[in-house]
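According to TrEMBL, the protein carries these features:
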{"type": "SIGNAL", "residues": "1-20", "note": "signal peptide"}
{"type": "DOMAIN", "residues": "24-163", "note": "domain 'Nose resistant-to-fluoxetine protein N-terminal'"}
{"type": "TRANSMEM", "residues": "177-199", "note": "transmembrane segment"}
{"type": "TRANSMEM", "residues": "272-298", "note": "transmembrane segment"}
{"type": "TRANSMEM", "residues": "318-339", "note": "transmembrane segment"}
{"type": "TRANSMEM", "residues": "412-430", "note": "transmembrane segment"}
{"type": "TRANSMEM", "residues": "454-476", "note": "transmembrane segment"}
{"type": "TRANSMEM", "residues": "488-511", "note": "transmembrane segment"}
{"type": "TRANSMEM", "residues": "531-548", "note": "transmembrane segment"}
{"type": "TRANSMEM", "residues": "560-585", "note": "transmembrane segment"}
{"type": "TRANSMEM", "residues": "605-627", "note": "transmembrane segment"}
């Protein structure tokens with residue numbers, strides 16, 4: 001211990017006089033007392049200095065986050081009520097000429113986009129541990145004195161966000177009335193479910209008791225019977241896992257402190273990333289499945305003589321999807337803040353998760369989340385649910401003409417598909433947008449604009465959904481088995497695999513560091529890749545349903561997929577939060593590698609499916625029983641969308 005004290009005291013010799021500038025009076029006194037105690041080897045004062053960041057190693061490979069030591073700082077205190085206060089400091093280095101001959105082109109990717117227009121700034125994140133009496137101005141003054149200057153032409157400035165300052169008694173927020181109310185309601189719901197399960201077990205249950213009984217819900221979940229579209233269940237589960245993997249790369253590597261961030265971006269240059277991290281296409285898989293199941297159910301019911309009931313069609317679907325989502329919104333704005341703490345908690349959870357729901361909860365509940373911008377979405381991943389709901393609301397404009405005037409209706413559907421391909425193609429060409437969401441070779445603002453105008457926009461994402469409607473129409477009107485010779489079947493599988501693999505791996509061209517933007521290629525890919533992906537997957541659904549799926553159908557129709565499929569909507573709602581909590585609670589940067597991502601992803605699976613089970617057993621399953629009772633147990637058109645995300 002004495003050697004450690006000597007080492008920390010020696011580090012004080014390199015600290016310039018921080019009192020050359022005026023600190024606030026309480027802060028000034030406590031800083032002097034801390035330095036005096038540290039010079040005498042007092043442990044609490046040395047801990048405060050030890051917890052402060054030192055200039056990090058490995059800046060040239062992206063180690064731009066030196067997070068100090070969170071716990072050591074907050075626990076540093078003495079008997080005179082001098083306690084540690086932890087603040088994150090953003091140090092902006094302008095004109096860092098020291099990097100000009102090295103790897104600055106790769107490092108500048110991590111600058112703040114708001115720093116300076118010409119991009120000659122680099123942000124490094126540090127942590128200071130000072131007495132709690134110091135305010136943010138004091139922290140900025142001290143940081144300005146402590147931060148080293150990188151070359152004669154470099155200018156450095158420090159900025160502290162008050163929301164990223166913490167003391168031991170402010171780490172955990174106080175319970176407010178709203179949070180207490182939510183906890184009580186959730187506890188009562190759990191108690192009600194447990195009581196219903198007991199009553200049903202002793203044969204004293206009615207309709208409501210059965211709806212809330214865990215045993216009944218479990219039996220219904222696992223008692224799945226073989227169906228015509230079992231392959232779709234496998235596609236849904238595998239697509240959900242792919243989404244989770246993609247979000248683990250995005251939130252857990254590319255958007256979080258890592259000690260090798262430049263090298264982490266190098267991971268995107270490898271083919272493995274295209275297979276694992278390039279999960280944007282999995283959303284189009286769900287659009288295809290959603291449109292297909294909706295249309296198939298509609299045309300099947302119409303052929304049976306059922307009439308289209310608009311009230312049931314809209315109200316049933318809205319309630320069915322909105323209640324579980326509302327539970328997540330409430331959870332975000334109340335309980336989520338108590339699930340962790342750390343230097344990365346505010347930017348990851350406080351700002352991105354909680355504040356977005358506090359201000360824009362209505363956008364998620366009313367399904368306009370995709371049109372309010374990519375930076376302010378509540379339950380961020382539900383932009384997909386907004387697009388899906390909007391497309392479902394508009395689908396009768398295609399479904400009814402396709403039923404009553406098939407020729408005109410089909411022409412209209414194909415026209416909508418073409419328009420939904422043309423719109424993103426034109427926007428990409430006119431604005432020089434990237435081929436798809438690209439964090440490597442695209443300008444920060446171009447990515448934001450592309451995300452808002454193309455990636456999130458319903459009119460640009462409709463082609464897979466409408467193609468699914470066309471597929472549903474074909475399948476509903478041709479329910480019989482179709483027999484092909486082996487050459488036709490082989491050609492179908494070859495074209496399907498070739499199309500999907502081409503769409504998947506072509507994007508890797510634009511991720512290469514030496515890629516030069518090519519507007520024609522971006523236009524064609526941006527306009528056609530979603531439809532091409534949907535067409536490739538359509539053959540899988542068609543072939544598996546018609547008995548020519550072979551081993552693919554055998555895998556996708558596994559019983560476990562049919563059991564897990566109803567849980568997928570709940571998994572979709574909770575998985576991003578599961579990843580976010582783990583990332584936000586980090587107290588030191590990680591080292592990014594494919595192995596670490598896969599390792600963390602495998603850990604996300606049980607937590608996400610456990611959350612999905614909680615939503616299904618406590619909310620979704622009872623809700624569906626009540627809705628069937630309200631709608632007299634008549635299945636509305638589009639009922640087959642149950643369980644999809």
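Count begins at 1; order follows the chain as displayed.
Each Cβ is built from the backbone N, Cα and C atoms, and glycine gets one as well.
Note that TrEMBL annotation is computational and uncurated.
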- When counting C-beta pairs under 8 angstroms to the transmembrane segment (177-199), the leading stretch of 272-298, 318-339, 412-430, 531-548, 560-585 is 318-339
- Query: Between the transmembrane segment (531-548) and the transmembrane segment (318-339), do 3 or more CB pairs sit under 8 angstroms, pairs being 6 or more residues apart?
  - Reply: no
- Item | Contact yes or no, the transmembrane segment (531-548) and the transmembrane segment (454-476), 3+ Cβ pairs under 8 Å, gap 6+ | yes
- Looking only at residues six or more beyond either end of the transmembrane segment (605-627), which have a C-beta under 8 A from one in the stretch? 189-190, 193, 207, 210-212, 214, 217-218, 220-221, 241, 244, 316, 319-320, 323-324, 327-328, 564, 566-575, 577-578, 642
- Task: Mind pulling out the one from 272-298, 412-430, 488-511 with the most Cβ pairs under 8 angstroms to the transmembrane segment (454-476)?
- Result: 272-298
- Contact set of the transmembrane segment (412-430) with the rest of its chain, CB cutoff 8 A exclusive, min separation 6+ beyond the ends, reads 398, 401-402, 450, 453-454, 457, 459-463, 466-467, 469-470, 473, 519, 522-524, 526-528, 530-531
- Task: State the non-local partners of the transmembrane segment (560-585) in its own chain: residues 6+ outside its ends, Cβ under 8 Å from one of its Cβ atoms.
- Result: 221-222, 224, 227, 230, 232-234, 236-238, 240, 243-244, 247-248, 251-252, 256, 321, 324-325, 328, 331-332, 336, 339-342, 344-345, 348-349, 352-353, 379-382, 384, 600, 604, 607-609, 611-616, 619-620, 642-645
- Message: Looking at the domain 'Nose resistant-to-fluoxetine protein N-terminal' (24-163) alone, can you tell me the average pLDDT?
- Response: 75
- Task: Report, as numbers and ranges, which residues of the same chain sit near the transmembrane segment (272-298): CB under 8 Å and 6 or more residues beyond its ends.
- Result: 229, 232, 235-236, 239-240, 242-243, 245-247, 249-250, 308, 384, 387-388, 391-392, 395, 399, 403, 436-437, 455, 461, 464-473, 475-476, 503-505, 507-508, 511, 529-530, 533-534, 537-538, 541, 594, 597-598, 635, 637-641, 644-645
